[in-house]
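One structure below.
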Amino acid sequence: MTVAVLGSGAFGTALAISLAGNGPVTLWARSAEQAARMETDRENALRLPGVALPETLTVTHSLEIATQARIILLAIPMQKLRTALQDHADLLASHTLVACCKGMELNTGLGPIAVISETLPSAIPALLTGPSFAHDIARGLPTALTLACADANQSATLQQELTTANLRLYRTTDTAGAELGGALKNVMAIACGAVMGAGLGDSARAALMTRGYAEMQRMALALGAQPETMAGLSGFGDLALTCTSEQSRNYRLGLSIGRGEQFDPSITVEGAATARAVAAKAQAMKLDMPITQSVTDLLDQTLTLTDAMAQLLARPLKEE
Ligand SMILES: NC(=O)C1=CN([C@@H]2O[C@H](COP(=O)(O)OP(=O)(O)OC[C@H]3O[C@@H](n4cnc5c(N)ncnc54)[C@H](O)[C@@H]3O)[C@@H](O)[C@H]2O)C=CC1
Ligand SMILES: O=C(CO)COP(=O)(O)O
């Protein structure tokens, strides 16, 4: 077994299903009960109902078994990643660890690659990111993602090993760009959902996506990312998907804000903590990121959507 996936949520299960088409894959579930249920039912009824688990996919609660694999995909939410790595440092050290989360750590402003490097310096950190919904991958629909690893040889090897029949990977060594694209687009998806939920229209959303992309680039380029990465799958591609589809949880959180409805707090919405982390980082870097700041204020309920839109529209006129 070459590959294991840690985290049996929607994305981890979908990736494991797709990778199982290449050969045996182990999916690690944090809960022993869930692992047993998935093994028996051959389905992740909780997060990915209606999709059968292939025979080459084994679900386990034993991290000793899962970490026999050389390549470990970490399908764990960004804000939980550090704890998960610390809790299992002895078993995960020296592996190739491919983070599959999209976000920025709230207390540190770091992305998943930096969190892996800080926590487990002997591991080889990489990132799998880009436009893809778990249900689409699990159903075998065509998907293209970005595999980012600072080491060019590792990046090429991982690209080969993690590409499947329906999951086409592009590679990059620009880990900063890949991380920031995935983190920042979630914030913009909340903004777009809010605008659509409030009935402000498709034109307003297109404006937000475009100015949101400018904001994403402002931070990413200041942090050393390549413009080509931002224009690729992990940046523009994922922004386009997440800001326009109700499959996105970030977008749906925005919709509920725009409609004045409650949102189930148990649903994983990476953009919420990330908006706050990005806003703090932007302030520290003296970067102008008004959409991110508005999303943070909306989430904190210190600003209404009407006032947020009025503020954005009243900003000084400038060149594009
Ligand atoms: N669902 C999707 O369509 C996609 C999700 N992603 C990313 O994948 C990441 C995970 O998202 P989902 O799987 O959708 O979320 P989810 O909410 O379905 O599952 C999260 C999983 O993480 C596990 N987990 C939480 N804390 C943990 C800890 N401390 N140690 C070990 N495991 C822990 C949970 O038990 C759960 O199985 C997020 O960063 C998300 O942005 C990326 C692309 C698509
Ligand atoms: O990252 C995703 C699509 O690429 C999934 O989006 P959500 O986390 O908003 O559901």
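Backbone N, Cα and C atoms are what each Cβ position is placed from, and that goes for glycine too.
Going by TrEMBL, these are the annotated features:
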type: DOMAIN; residues: 3-153; note: domain 'Glycerol-3-phosphate dehydrogenase NAD-dependent N-terminal'
type: BINDING; residues: G7, S8, G9, A10, F11, G12, A134, R249; note: NAD(+) binding site
type: BINDING; residues: F11, R30, K102, A134, R249, E270; note: NADPH binding site
type: BINDING; residues: K102, G130, S132, K185, D238, S248, R249, N250; note: sn-glycerol 3-phosphate binding site
type: BINDING; residues: K102, R249, N250; note: substrate binding site
type: DOMAIN; residues: 174-309; note: domain 'Glycerol-3-phosphate dehydrogenase NAD-dependent C-terminal'
type: ACT_SITE; residues: K185; note: active site, proton acceptor
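Here the binding residues for NAD(+) are G7, S8, G9, A10, F11, G12, A134, R249. Their largest Cα to Cα distance works out to 18 Å. Taking a Cβ distance under 6 Å to any atom of ligand 2 as the criterion, the binding-site residues G7, G9, A10, K185 reduce to none.
Taking a Cβ cut-off of under 6 Å from any atom of ligand 1, the binding-site residues G7, A10, F11, K102, G130 reduce to G7, A10, F11, K102. Minimal Cβ crowding within 10 Å, among the binding-site residues S8, N250, is found at S8. Between the farthest pair of Cα atoms in the substrate binding residues (K102, R249, N250), the distance is 13 Å. Across the domain 'Glycerol-3-phosphate dehydrogenase NAD-dependent N-terminal' (3-153), the prediction's mean pLDDT works out to 98. Taking the C-alpha positions, the distance from E270 (NADPH binding site) to N250 (sn-glycerol 3-phosphate binding site) comes to 7 Å. The least crowded of the binding-site residues R30, K102, K185, R249, judged by other CB atoms within 10 A of its own CB, is R30. Most buried of the binding-site residues D238, E270, judged by other Cβ atoms within 10 Å, is D238. Apart from K102, R249, N250, the residues listed for substrate, the same chain places the Cβ atoms of N186, A189, T242, S248, Y251, T268, V269, E270, G271 within 8 Å of the centroid of those Cβ atoms.
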